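J.: Just dropping this structure here.
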Amino acid sequence: MASILISGAAGVSIPLVGTLLPLNGGLMRGAKAFAAGVILATGFVHMLSGGSEALSDPCLPEFPWKMFPFPEFFAMVAALLTLLADFMITGYYERKQEKMMNQSVESLGTHVSVMSDPSLESGFLRDQEDGGALHIVGMRAHAEHHRHSLSMGAEGFEALAKRSGVSGHGHGHAHGDVGLDSGVRHVVVSQILEMGIVSHSVIIGISLGVSHSPCTIRPLLLALSFHQFFEGFALGGCVAEARLTPQGSAMMAFFFVITTPIGVAVGTAIASSYNSYSVAALVAEGVLDSLSAGILVYMALVDLIAADFLSKKMSVDLRVQVVSYCFLFLGAGMMSALAIWA
């Protein structure tokens, strides 16, 4: 438990500490590509294969488990439900953010209208203390600078909002466009990704906890420690890119770090009565692994790989292309290699 706890904590902490680096720098882009490869390999090589193995076990009855490819079906359903959840959650946050932006623009318009009237401005200056007066003077200078845009009415406010880094319409897409929902996308991705990883972590923790043979536990422990490190690194990279509050980032990292040790503790507690070859255990393991596979494959391909590798920055910079593809294949290859032991 201590080994897995430390490995997971180290993996998830490195990208969070690395938030001091520029997001579009070569190192961060390489780390994001590596994380995407890790998640893709986790979904295909570890989870989907584990679900297939569990649901095709000879201990399961012939009907219905041998009559239909349930692992692939559950993975497909999970991917489609993830798409639906992705769409709905992003839309909710997008509407909420757009409402806040509109309120800010209206407030800015009121201030600028006041600044356009010298008599009102002088009255405000007399009524304000030093700090407030300096703020209004700054607003006056800002209004003068953008007067050519503001004179155009709604279009002017739109232009000013864009200069401030916000868009009034803001329907940016996950394929690298910068818009209203660029920050929202990263938040949604990190939350859905953690859901997929955590459900898998519980299964592998219980599997380790119920093991009795030291010859099985030692290599499995080493492999799972690396497994948690790479998964933590991938999740930490997505959480770092979401730019959450320190408390939010710490909470997501904490839940990831403790999930597998808790699974180990539960597995150890029920080891005497747990039968890993019972129908209930095999079905639960197979279904959860298959669902997790669908979630992670969708997140890796749509929200991580496509978002970066189809972006304008990638298409015009050969050096970024080479670095990103090398790290993508490296992450996928290293995570796939762990399937030899775990």
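Start at 1 and count along the chain as shown; that gives each residue its number.
A Cβ is built for glycine as well, from the same backbone N, Cα and C atoms used for every other residue.
Straight out of TrEMBL:
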TRANSMEM  6-23  transmembrane segment
TRANSMEM  30-48  transmembrane segment
TRANSMEM  73-93  transmembrane segment
TRANSMEM  253-271  transmembrane segment
TRANSMEM  322-341  transmembrane segment
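Please situate the listed features within the shown structure.
T.: Sequence-remote contacts of a segment are chain residues at least 6 beyond its ends whose Cβ falls under 8 Å from one of its Cβ atoms, and for the transmembrane segment (30-48) they are 15, 18, 71-72, 75, 193, 196-197, 200, 227, 230-231, 233-235, 237-238, 241, 289-290, 292-297, 299-301, 304-305, 308-309, 323-336, 338-339, 342.
Long-range neighbours of the transmembrane segment (73-93) within the same chain, counting only residues 6 or more positions beyond its ends whose Cβ lies under 8 Å from a Cβ of the stretch, are 48, 51, 181, 184-185, 187-188, 191-192, 196, 287, 290-295, 297-299, 302-303.
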J.: At a C-beta cut-off of under 8 Å, are there same-chain residues at least 6 beyond the transmembrane segment (253-271) that contact it? List them, or none.
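T.: Answer is 1, 4-5, 8-9, 12-13, 16, 194, 197-198, 201-212, 224, 228, 231-232, 235-236, 239.
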